[in-house]
Amino acid sequence: MSARAPKELRLALPPCLLNRTFASPNASGSGNTGARGPGAGGSGTCITQVGQQLFQSFSSTLVLIVLVTLIFCLIVLSLSTFHIHKRRMKKRKMQRAQEEYERDHCSGSRGGGGLPRPGRQAPTHAKETRLERQPRDSPICAPSNASSSSSSSPGLPCQGPCAPPPPPPASSPQGAHAVSSCLDTAGEGLLQTVVLS
């Protein structure tokens, strides 16, 4: 350890200080007074050398610190600009989505005004049901028309006493409605034949 210490001191200290430190033990008492005279003049140059060495080391460390701070500031600026740009893009996307939704909603409301409402389609549906009921009721009208034609034919005399027509069976409300509709159609046909004749 004692041998390493002087080597480290030699590397750290400038040569003028090393010469003075190693020359001072060799000098003795009063005989060294003449040697101190020229050494006193060289002390100023030694101080300047020490100051220059310290300034060089300090300047190198200061340059390194400045470079590190600049790199850190650049990284922070890049991250902040990236986050700001990302927020702006999100806001633009939200605005575009709202505008598209408003346009679709307005166009749907305008287009829906021209379409017919469901309440207006009810009469047409009722008419269709009435038209569908008439062909269903037409087979019921056939036997009644046939019986009326056979009874009203004047060419065929009745042989013997004519039996009274059988009483109509008890009909349901639907059958009564069908018979009334058949009578209406038969009455219209008779009126047309009278007018034509």
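Cβ coordinates come from backbone N, Cα and C, glycine included.
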Candidate annotated as N-linked glycosylation site in Swiss-Prot, where the set is Asn26, Asn145: Asn26
DSSP-derived helix, strand and coil totals, residue by residue, for the compositional bias 'Basic and acidic residues' (96-107): 12 helix, 0 strand, 0 coil
